[in-house]
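Copied over from Swiss-Prot, here are the features:
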SIGNAL    1-23  signal peptide
TOPO_DOM  24-469  topological domain 'Lumenal, melanosome'
CARBOHYD  N170  N-linked glycosylation site
CARBOHYD  N178  N-linked glycosylation site
BINDING   H189, H211, H220  Zn(2+) A binding site
CARBOHYD  N237  N-linked glycosylation site
CARBOHYD  N300  N-linked glycosylation site
CARBOHYD  N342  N-linked glycosylation site
BINDING   H369, H373, H396  Zn(2+) B binding site
CARBOHYD  N377  N-linked glycosylation site
TRANSMEM  470-490  transmembrane segment
TOPO_DOM  491-517  topological domain 'Cytoplasmic'
Amino acid sequence: MSPLGWGLLLGCLGCALPSGARAQFPRVCMTVGSLQAKECCPPLGADPANVCGSREGRGQCAEVQTDTRPWSGPYVLRNQDDRERWPRKFFDRTCRCTGNFAGYNCGNCRFGWTGPKCDQKKPLVVRRDVHSLTPQEREQFLDALDLAKYTLHPDYVITTQHWLGLLGPNGTRPQIANCSIYDFFVWLHYYSVRDTLLGPGRPYKAIDFSHQGPAFVTWHRYHLLWLERDLQRLTGNESFALPYWNFATGRNECDVCTDQLLGAARQDDPTLISQNSRFSSWEIVCDSLNDYNRRVTLCNGTYEGLLKRNQMGRNSEKLPTLKDIQNCLSLKKFDSPPFFQNSTLSFRNALEGFGKADGTLDSQVMNFHNLVHSFLNGTSALPHSAANDPVFVVLHSFTDAIFDEWMKRFNPPVDAWPRELAPIGHNRMYNMVPFFPPVTNEELFLTADQLGYSYAIDLPVEETPDWTTVLSVVTGMLVVLVVLFALLLFLQYRRLRKGYTPLVETQLSNKRYTEEA
């Protein structure tokens, strides 16, 4: 059976699972009892007493730690959104793993570690330019994405109602749904940017946990790591790596939007994907934000139409350039107050694209990440739906590569990240929404090699003359100065000589003053 066939079979099997056993949270925790107790501390293995792998020294059930420091920004409500103090609206106690153990039951290892005791360093997973992949490697990547689109996520399901309605009208049926591995990836992004639900048709839009603040870089880094690990398990290939798309071409064309890669435009309808591409049949989820707001509900993973791109009429818009990368990487400050889309001389804000590449602001200009999403248009143009387009994966992999390069060049201290007064979700110790088990922004503020991966890439450095050039320039300047100094001495000598000559040549009288009189 083909990979796609297996994916469809697994997806259908997943549909038969009882609702009490399935969530954005682990299935095992989405029971009425666990939700009422607000505790997600499942046992590891068959022994029910081995809670969080405690009998093996892997972890223990503990109270969730959340960031209580003040935030800034446009979100001014309190206790109105289920993402505040994440994930305390759902669970107060979760597994807290020790050492390099990780996962909702401490059954996994932290990124970059392996072995029965998670004490062995894994070989680094190397992310490469998608254009440098061999035909076989390219097909493996595309096959993995396609398989993930149609394979039920083995561990997690999504919530379809906000926290107050999670147990349904009778309080006896968790409002949750199965989804595929790739659609789960999409749902995570949607949930991080969705509006606060205050009532029918009353959304509060001034909130975003993964954009417009410092967490932009760490949130999307963890998002990719999560997908990469899911694809490694799905394919049985621990060295599987997400490639990147170097979009800094300065051109007005998408060179990954081909049928050999992520799909060209359809001839009879350029807003759709070519039927020669596997992605032409991809349907999207989490696109109807206004409808969810009107009905006070969440995206439930239902397909809502075909994937779209729309570059028609955008020929004047050009992608970022290598010079933009060079300027961005020259910014020494990670972020600056107010840690929002109007921060100046901020590497994060320049990379995200609210600022210009040199760190200055121009309300008429989009750059980098924001510019590329706008350039692709269609499904990619709106944050809540953008992750549906597989270009999202390679786009954000390259964005993360730039972030990693900046981290390696400047090696910032942890306090370069604001501990407080960033927008909600963006303080250093805030648990990133909606990842579970909880993980803070600080835990991802590292170089990529500390998280088990690296990039095969050479990014441009600031143009500085080499030491031989500097030495030549300095030597030349010294020679010029010496010559000028000698010339000045010579001219001064001539001036003095000319000024005193008449006194030297005068014939003095032997008469005294009194005698002349």
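Using the three backbone atoms N, Cα and C, a Cβ is placed for every residue, glycine included.
Taking the mean position of the Cβ atoms of H189, H211, H220 as the Zn(2+) A site, the remaining residues of that chain whose Cβ falls within 8 Å of it are S192, V193, S210, F216, W219, H223, P383, A386, A387, H396. Of all Cβ atoms in the shown protein chains, 15 besides its own fall within 10 Å of the Cβ of N342 (N-linked glycosylation site).
Other Cβ atoms within 10 Å of the Cβ of N170 (N-linked glycosylation site), summed over all protein chains shown, number 6. Cα spacing between H189 (Zn(2+) A binding site) and H396 (Zn(2+) B binding site): 12 Å, rounded to the nearest whole number.
N237 (N-linked glycosylation site) sits 30 Å from H369 (Zn(2+) B binding site), taking the C-alpha atoms as the reference points. Figure note: comparing Cβ neighbours within 10 Å for the glycosylation sites N178, N237, N300, N377, the maximum is reached by N178. For the Zn(2+) B site, the Cβ centre of H369, H373, H396 serves as reference, and the other residues of the chain with Cβ at most 8 Å from it are H220, G353, F368, N370, V372, A386, F392, L395, T399.
Ranked by CA distance from N342 (N-linked glycosylation site), the binding-site residues H211, H220, H369, H373, H396 have H211 at the top as the closest. On a Cα basis, H220 (Zn(2+) A binding site) lies 7 Å away from H396 (Zn(2+) B binding site). When Cα-Cα distances from N178 (N-linked glycosylation site) are compared across the binding-site residues H220, H369, H373, the shortest belongs to H220. Of all the recorded positions in the list N300, H369, H373, the shortest Cα-Cα distance to H220 (Zn(2+) A binding site) is found for H369. For H396 (Zn(2+) B binding site), other Cβ atoms within 10 Å of its Cβ number 23.
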